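Quick look at what Swiss-Prot annotates:
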ACT_SITE  SER80  active site, nucleophile
ACT_SITE  ASP155  active site
ACT_SITE  HIS167  active site, proton donor/acceptor
DISULFID  CYS15-CYS69  disulfide bond
DISULFID  CYS151-CYS158  disulfide bond
SITE      GLN81  site 'Transition state stabilizer'
Amino acid sequence: MAPGSHLVLAASEDCSSTHCVSQVGAKSLGVYAVNYPASNDFASSDFPKTVIDGIRDAGSHIQSMAMSCPQTRQVLGGYSQGAAVAGYVTSAVVPPAVPVQAVPAPMAPEVANHVAAVTLFGAPSAQFLGQYGAPPIAIGPLYQPKTLQLCADGDSICGDGNSPVAHGLYAVNGMVGQGANFAASRL
């Protein structure tokens, strides 16, 4: 791939990169959908494994792209569970109380230089994750200045709202455009 932009998406449902393509203009854009069995069954005993599978795949892909295409600027994004995957993959350390052997090692610090932006839509809050025994999402310090976290008003997954409908409105409430503009401005 020629130097350009690469979008790594961790999402709970099929995503379209059409809006992103219009934002990067003449630059080349590649899209990679993280390969993991996304689910909204947070109470399932298999749920933690699905998230770990996503972290492993996203981290491997980001690191591989950084090595094989060092001039390419990557954007990491996700919605809901995908936002959790994207957030966890940026962590500088394995969360306390998580067995180190059960999860992928954090990405090498130099990989952060290849990630232009991280956009998280409806990332589950610490309170929400805690209900299921999951650690809070801790964006690594090298990624914090390039991360945009968006939570819709009333969203009960990422915020303190009480509207289950709000969590499904990102595609129509303007926040996808806001995230795309943020990412494009960093490329």
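Including glycine, each Cβ sits where the backbone N, Cα and C put it.
Under DSSP, CYS158 (disulfide bond) is assigned to coil, being neither helix nor strand in the three-state scheme. Secondary structure from DSSP puts the residue listed as 'active site, nucleophile' in coil.
Ranking the disulfide-bonded residues CYS69, CYS151, CYS158 by the number of CB atoms within 10 A of their own CB puts CYS158 at the top.
Of the recorded residues, CYS151 (disulfide bond) and the residue listed as 'active site, nucleophile' place their C-alpha atoms 10 Å from one another. When the Cα of the residue listed as 'active site, proton donor/acceptor' is compared against those of the recorded positions CYS69, SER80, ASP155, CYS158, the shortest separation belongs to ASP155. Ranked by CA distance from CYS158 (disulfide bond), the recorded positions CYS69, SER80, GLN81 have SER80 at the top as the closest. Cα spacing between the residue listed as 'active site' and the residue listed as 'active site, nucleophile': 11 Å, rounded to the nearest whole number. Within 10 Å of the Cβ of HIS167 (active site, proton donor/acceptor) there are 22 other Cβ atoms, across all protein chains.
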